[in-house]
Amino acid sequence: MRTLWVETTTHRYPIQIGSGLLQRLPSLLEEVGWTPERRLFVVTDTQVAPLYLKEAVTTLQQAGYTVGSVVFPAGESSKTLQTLEQMTGEALRQGLDRKSGILALGGGVVGDAAGFLAATFMRGIPFVQLPTTLLAHDSSVGGKVGVNHPLGKNMIGAFHQPDLVVFDVDTLKTLPSREIASGFAEVIKEALIWDETFVRWLEENRAGLMALDAARLVEAIAGGCRMKAEVVSQDEKESGLRAILNYGHTIGHALEAVAGYGQFTHGEAVAIGMVGEALLGERLGLTTNVSQRTQALIQSYGLPYQLPTTAEVDELLVAMRRDKKAAQGALTFVLPRGIGSVEIVKEVPEAAVRQVLTQLKGEGLSW
Ligand SMILES: NC(=O)c1ccc[n+]([C@@H]2O[C@H](COP(=O)([O-])OP(=O)(O)OC[C@H]3O[C@@H](n4cnc5c(N)ncnc54)[C@H](O)[C@@H]3O)[C@@H](O)[C@H]2O)c1
Ligand SMILES: O=C(O)C(=O)C[C@@H](O)[C@H](O)[C@H](O)COP(=O)(O)O
Ligand SMILES: [Zn+2]
């Protein structure tokens, strides 16, 4: 088992990564001060429930916990205020109170929505992240929780740190290959913004990683989590540095909203966004030679790197002006200075963004 720590000025919690960890949940909870007096509420989705809910609940019940649960339909389109309201109703019906705790068992959609339930239920109760997708190595760390609005990704949310993150890598064995690729997009992002050596390692170990070689996979997850934990520990609420974790997301989030939630996975949208934002960095003269290597890496992990030809540039621009990083609608991006290094650039000229979006459109893709 690998243990990493998030240490902000107000919160300190472990990230446990390894095999067989769902069976060890009671002792991992005990290490962060949770005991069976705390009533538990497991939040998961319809895809994950038949795979892991019973195992998690039984293990906890055997340790003396009272455990309730709620299951919502799998997919990005469930990350809504309506789901939050339904989960809140179920939590109330099942008798949760301020001393209860929430367990988010699933991918990033479950983690974000269940975390937001924890942030808002009776004005906030503790929660634990139990990620089951590769992508959720990113979403389970750092305390950004929330739901989408039809006009923009994660527009309704909060910062609410978990007490613990437990990543049982055995759960990845059932993850569809499209979701594995999607998860690598965020690992690639973390490498591209922070560490060229990690980029090289991802290039050199692609075959083993794509074949889900256990040791390499733990290495990739731990590498991504370490970078995320370092950034979050320095800037918990995104007053500056943390925005670099948004590399590829100005375009990516706009694409997810405009195409309709769930059309692209989050990782796919971010992958296309990173290629676009690398091209933008080059166009603005911030860097040279980043887009080719970025595209090659993304392509080698089976991820898309082009916008559909049907993509409406005007609609994407409207969505980008609403991005949370933008002040007064000025187009704001995280752009590369080189491989392993980025900067936040405000007031990017629209003409340059238009040119890049047009360049990014691939032949034969549509939604
Ligand atoms: N809070 C953050 O810091 C942060 C960071 C990155 C992404 N996100 C958010 O995370 C979300 C994307 O997360 P995701 O890619 O994990 O999507 P997801 O949660 O929708 O999971 C993808 C699919 O895989 C299924 N699944 C999950 N675990 C499985 C398993 N072990 N075996 C089989 N199927 C499984 C799910 O049911 C779903 O159908 C987006 O909403 C994104 O905005 C948040
Ligand atoms: O944790 C962060 O900070 C990130 O930006 C990580 C992103 O990968 C993630 O998609 C996050 O949800 C985006 O946050 P948002 O504030 O841009 O909605
Ligand atoms: Zn992301």
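Yeah, the Cβs are placed from backbone N, Cα and C, and that goes for glycine too.
TrEMBL does not curate its annotations; it predicts them automatically.
In TrEMBL, the NAD(+) site is described by Gly108, Val109, Val110, Gly111, Asp112, Thr132, Thr133, Lys153, Thr171, Leu172, Lys173, Thr174, and among Lys144, Lys189 the residue recorded at this site is Lys144. Matching His160, His249 to the Zn(2+) binding residues that TrEMBL gives (Glu186, His266) identifies His249.
The binding-site residues shown are Glu186, His249, His266; of these, the one with its CA atom nearest the CA of Gly108 (NAD(+) binding site) is His266.
Using CA atoms as reference points, the binding-site residues Glu186, His249, His266 were checked against Asp112 (NAD(+) binding site), and the closest is His266. By the criterion of other Cβ atoms within 10 Å of the residue's own Cβ, the least surrounded of the binding-site residues Thr133, Thr174 is Thr174. Cβ neighbours within 10 Å of Asp112 (NAD(+) binding site), excluding its own Cβ and spanning all shown chains: 24.
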